[in-house]
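Participant: This structure is in structure tokens; I'll ask about it shortly.
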Amino acid sequence: MAADRTQSFPRLLVVRMKHYGGGALERYRNLSTHSKLFVWGTLCLYLALGSFIIIVGPDRIGQTLYNFAQKISHYPYGWLILTSLFFIVSFPPAVGHTTLVTLCGYAYGMKGFPIAASGSLLGSAFTFVVLRLLFRRRLRKWTQSSEKWQALETVIAAKGLPLIMLIRASPFPPWVYSNALFASIHSVALWQFFLATFVVFPKIAIFVFVGSRLASLSDGEQRSHMDTTTKILNISISVGGVLVAAVASWIIYRLMKKEILHLQGVPPEIDELAAEAIEEAEEGAPLLGHHSESRARYDASSA
């Protein structure tokens, strides 16, 4: 019996990989040209970033980041500089929220958590208000033509704040596009979005802590005085913190998808469209993207 289970595990793993791989390929084929360009652009960005790290070297990059963080921490209003940067990285299509959170740990240790938390909260709220005000007309036009966003509004309106919190805590969509997503949903009020952002604070605390550990490893002088045990301990804590955040985020994402797909009182077709809208939020739609969809399936499911 144990041997059969041992043999079946690799087979099950292969089957799962084929299932998810085939599903991803099918989803890619169904994407619009704009979406495919977005996918390839993101891939090229990560390849360029990886090449940059390999060419320049992790030690040199870490030292530069540490020196920069220390300069900020010695400024009288260094905390204000970091807070201002959160307003920038919270507005799509900017990126770098997690990096900036980690930088707070580099500069101030765990004392950087209030800076990262307040900056994230205020920056995202500012983005929400600006997008909601500037794109009011476009939002109305979009919601009248997009079956997926109508479905998502229906689902969020039915579940309310608990579902908003789950989506906010989920790693998909990423931080900056999550801001645009909620600004796009008319049924989401500013106070709900504000409260939902608090659920991200534990994740922010983890990355600030990771940044505080990486700071000592990034500085060549501090690293030269560390024994091997201390280095391994710092590396293990840093990697462990990232893994804990990643696993927790994945669990929350699965719970969020399950909650959407099995919402009582809402037709399954609408649930599926709402889930698709969440997955496509990285395109910035409806506030930043441009798509056209028919309303046939939504109207049929609502009938």
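Glycine is no exception: its Cβ is also placed from the backbone N, Cα and C atoms.
Sharing the feature lines straight out of TrEMBL:
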{"type": "TRANSMEM", "residues": "37-56", "note": "transmembrane segment"}
{"type": "TRANSMEM", "residues": "77-95", "note": "transmembrane segment"}
{"type": "DOMAIN", "residues": "97-212", "note": "domain 'VTT'"}
{"type": "TRANSMEM", "residues": "115-135", "note": "transmembrane segment"}
{"type": "TRANSMEM", "residues": "156-177", "note": "transmembrane segment"}
{"type": "TRANSMEM", "residues": "189-211", "note": "transmembrane segment"}
{"type": "TRANSMEM", "residues": "232-253", "note": "transmembrane segment"}
{"type": "REGION", "residues": "283-303", "note": "region 'Disordered'"}
{"type": "COMPBIAS", "residues": "290-303", "note": "compositional bias 'Basic and acidic residues'"}
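What does the local environment look like for each feature on the list?
Facilitator: Within the same chain, residues 71, 103-104, 107-108, 112, 115-116, 118-120, 122-124, 126-127, 130, 174-177, 179-180, 284, 287-288 sit at least 6 positions outside the transmembrane segment (77-95) and bring their C-beta atoms closer than 8 Å to a C-beta of that stretch.
Per DSSP, the domain 'VTT' (97-212) is made up of 103 helix, 0 strand, 13 coil.
Under 8 Å from some Cβ of the transmembrane segment (115-135) lie the Cβ atoms of residues 79, 82-83, 85-92, 97, 100-101, 104-105, 108, 175, 179-180, 182-184, 190, 193-194, 197-198, 200-201, 204-205, 207-208, 286-287, all in the same chain and six or more residues away from its ends.
Counting only same-chain residues 6+ beyond the ends of the transmembrane segment (189-211), those with a CB under 8 A from a CB of the stretch are 98, 101-106, 110, 112-113, 116-117, 120-121, 124-125, 128-129, 132, 160-161, 164-165, 167-169, 175, 182, 237-238, 241-242, 244-245, 248-249.
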